[in-house]
Structures are given as C-alpha cells and as structure tokens.
Amino acid sequence: TKKKAACPGLGLFYTLLSAFLFSVAALFLKKIEDVHSVEVSAFRCIFQMSFVLPGLIYYETGFLGPKGKRVFLFLRGFLGSSAMILLYYAFQVMPLADATVITFSSPVFTSLLAWIFLKEKYSLWDLLFTLFTITGVVLIARPPFLFGSIVTGIEGSYTDHLKGTVAAVTSAVSAASTFVILRKMGKSVHYFLSIWYYAVIGLIECIIALSIIDEWSLPHCGTDRLLLILIGILGLGGQIFLTKALQIEKAGPVAIMKTMDVVFAFILQILFLNHIPSWWTVGGALCVVASSSGTAVRKWQQNSKKAKQNKV
C-alpha cells in the first residue's frame, strides 16, 4: 500500500519553507561586502561536506559510488556546483529579483535537454514556453541594441549587469543539465552520495578559481563570518526541505509552489535592499514564471495520464 503524507499539504509547506530559506541565503549573500562569490561557494561546499560525511558513514554508501554511475556522479557534481558558483556571482553583481527570475527558467531548459539527451517528448507547448522564457530573460537583460544605451533599474554598471545575466542563464542551464543527469541515474544512487560529489568537486573548482583570481582571504569582520555560516545552514536546510517535499508530494505541485522563490526575492529586495524592481523586471518575471509553471503543469499531467494508463 502506498503511504500517505502525514499531513495534507505538508509537502507544499516544505517547498514554501525551502523557497524562503534559499531566498534569505541569497539576501545574506548580497549583504556580504568583502568576500568574493567564489569564496562564499567554497565555504558552503565545506559546510555541506561536514554535514554529509556522517551520513555517508552511517548508510555505508562509500565515497565513490557504484562503478557504472561514477561518470554521471562526476558530471552531476561538476555541473551542480558550477550552477551554484555562477548563481552566487549573479546575486552579487545584479539585483536579487533579476538573478532569481533568470535562474528560475531551469525547468524550461530541462525539457529541452531531456528531449535532446533522453529522447523525451518535446511538444509545441514546450517550444512556446522556451520562447516565453527567452523573452523574459531579454526583458531583464535589456540589451542596448533593443532598449537603447540608457538602462535603468540595475545595480552598478551595465557591464556587470550583463555579466550577471550571462552567469544566471549559464547557472540555469547547468542546473537543468543536473536534473537530466539525476533522471538518467534514477534512484540507484543514494542522495547523500550525490551531494558529496557536489560538495567535493565544487570545493576543488572554487580552490582553482580562487588561486587564479587571487581572491582567497578570510572575512575581515565578524558580521561577514556570521553571514557565511548562516548561508551554509540556510542552503543546506533549503536542500533538505526541498528533497523531503519531493518525497511526499508530486513534482508538479512542488514546481508550482517553487514560484514563491521569485515572490520572496521581490519582497526581500524591496524591504532590505531598498531596490524597487523595474517594470521590465516584473514583465520578465511574469514570462519566466508562466513558462516554468506551464512546463511543470504539463509534465505533471503527462505523468498522471501515464499512471492511469498503467493502472488500466
């Protein structure tokens, strides 16, 4: 018999809590002044390793995983950690809401990559959602050849804004690639092992990057050090609650509830960063959220239909 959720709507509550924790972690990242985003990523990787290590020992999963899955685990770790590093960079150089909205486009890219690599169905609706997402990203990026040389509602220079946009889009594509790899692996690899690869490879990436850009330094003040610890705790908590949500709730409702990421980003940006998003950002957010939600709903309906057919 199939186990029912302990409480109706508990999975959606976990998703909401996960979205809030991730958004607060992003806000704290904006508040850190003297630490490079790659270094923040390194601290988060160390934090995750310290929490996951006891789990690996307890469940006796080993540190390398099954032989046939190690290449996929490596790719999952590399792409997943790259997505995090790029996302943190985007958070530091562009408005919080803008970066959140762009990275929220990953479900649309997941459908496209799953069609290419997993031979999953890609319909005209999926193409429409992809075009809507691209439109939303363009509205947020506001390239000068379309919107003129004067761009309002951004932080710092337009060059930084453009770099942040490229980083956020690349982060979304990397995250989408991670989802495709996780689908390919299935449930044969323990979740802790997946996070272990993510943290170890991410830390190696960060050390190499910090050595090249020569930015490795301890935070100068106690506030920045506290914020680093809180980012690690909130990021790990967000991951745990999202995983628990997916264990007890269908993926479709969870994906729709995750639109609260964008809502929280707008609220926190206005309340704590005193930065009111432009109407271009709002328009771009509506395009991206509509596309991602539409993709999730269609996937949910298709899976429900398949489940009914299998029962018959």
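Glycine too: its Cβ is placed from the backbone N, Cα and C atoms.
Features of the protein shown, as given by TrEMBL:
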type	residues	note
DOMAIN	10-141	domain 'EamA'
TRANSMEM	12-29	transmembrane segment
TRANSMEM	41-59	transmembrane segment
TRANSMEM	71-91	transmembrane segment
TRANSMEM	97-118	transmembrane segment
TRANSMEM	125-145	transmembrane segment
DOMAIN	163-292	domain 'EamA'
TRANSMEM	165-183	transmembrane segment
TRANSMEM	195-213	transmembrane segment
TRANSMEM	225-242	transmembrane segment
TRANSMEM	254-273	transmembrane segment
TRANSMEM	279-297	transmembrane segment
Residue distribution over DSSP helix, strand and coil in the domain 'EamA' (10-141): 110 helix, 0 strand, 22 coil
Residues of the domain 'EamA' (163-292) by DSSP state, where helix covers H, G and I: 107 helix, 0 strand, 23 coil
Cβ-Cβ under 8 Å with the transmembrane segment (165-183): same-chain residues at least 6 beyond its ends: 72, 75-76, 79-80, 82-84, 86-87, 89-90, 93-94, 98-99, 102-110, 112-114, 117-118, 137, 140-141, 194
